[in-house]
Amino acid sequence: MAKKLLAEKRTPTDRSERMIVNNYKTMQALNSEYKDKKLSHEVLFDLHRLITRDTLEQDKQGRYRKDSDDITINDKLKFIYYIPPKEVFVAQEIKELIKFANDADGRGFTHPIIKAIFLHFWIGILHPFCDGNGRLARTIFYWYLLKKGYGVMQYLPISLVIKEAPIQYGMAYVYSEQDDFDLTYFYDFHMRKLMQALRNFKAYLQRKIEENKNIQNLFSEDYALNSRQIQALHYLLTKGEGYYINPSSYEALCGISRTTAISDLKMIQRLNLVMRKKVGKYVRYYGSALLKESLNKNAK
């Protein structure tokens with residue numbers, strides 16, 4: 001669902017979709033702007049605004065929570081299982097967290113992955129904002145690793161594998177807190193999930209390499225298409241029914257001009273590999289029956 005939403009570049013229709021778009025735009029901002037900045041209150045506020053846009057009241061975005069906000073962490077039955085620390089304590093700790101994140105705390109070397117996990121934990125425990133603290137913790141995790149040259153981390157489905165184990169994630173916090181903040185539990189959980197994400201990514205990559213090889217051979221030989229057009233057809237074939245591309249998403253995906261995007265799409269339409277459909281003022285291109293037949297014929 002997330003890939004479909006982002007590829008189609010449509011407006012989010014609910015909070016869940018808005019969060020997907022916010023996370024994507026935040027990661028883009030980390031790469032283009034924030035990974036080269038030092039952490040500061042202002043950077044924390046900026047990132048919080050990015051991840052909570054249109055999902056949280058505006059007066060609660062980009063500011064630390066106050067005691068008067070009366071924030072508690074509840075389960076679905078409204079049972080309170082965590083009360084965040086007071087704002088005075090948070091203010092003191094945030095200063096230390098910023099120093100630690102900027103390697104200005106006077107401590108010796110700590111491996112960047114371990115340090116990123118610690119920053120994740122620290123944000124989660126302090127819970128410095130009214131909402132979006134989990135998303136911010138993951139954002140700071142990625143920010144630190146990108147800053148330290150671990151760009152590959154942004155492609156690993158770490159958030160997904162953590163989301164699939166919500167109880168383990170919560171208990172990693174609980175065990176660490178109950179054992180005098182021994183973070184071994186939290187580190188262990190994250191490292192196991194990190195390795196799982198790496199395995200998943202490698203399997204996904206291998207699968208896509210094989211798919212790309214088959215599709216590349218088919219369309220470059222039979223239709224003399226360019227790599228951009230092949231990529232678009234690959235997307236439509238692998239995603240299945242209901243998926244489409246439009247000039248805007250194709251332009252963004254390939255990093256080309258609007259004119260080139262429209263020209264590319266019109267060409268594969270003339271070859272009857274896609275069907276053009278107008279929805280309101282927007283144009284969509286869906287995979288055609290010929291596209292599917294071509295792939296099936298090649299597979300035999």
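Using the three backbone atoms N, Cα and C, a Cβ is placed for every residue, glycine included.
These come from TrEMBL:
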{"type": "DOMAIN", "residues": "39-192", "note": "domain 'Fido'"}
{"type": "ACT_SITE", "residues": "H127", "note": "active site"}
{"type": "BINDING", "residues": "D131, G132, N133, G134, R135, L136, A137, R138", "note": "ATP binding site"}
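Surrounding the centroid of the Cβ atoms of D131, G132, N133, G134, R135, L136, A137, R138, where the record places ATP, the chain contributes additional residues within 8 Å, namely I51, I123, G124, F129, T139. Cβ packing within 10 Å was compared across the binding-site residues G132, G134, and the lowest neighbour count falls to G134.
For H127 (active site), the same-chain residues lying six or more positions away in sequence with a CB closer than 8 A to its CB are R65, I71, I73, Y82, P84, P85, V90, N133. For A137 (ATP binding site), the same-chain residues lying six or more positions away in sequence with a CB closer than 8 A to its CB are L119, H120, F121, I123, G124. There are 19 other CB atoms within 10 A of the CB of D131 (ATP binding site), with all protein chains counted.
Neighbour density for L136 (ATP binding site): within 10 A of its CB lie 24 other CB atoms from the protein chains shown.
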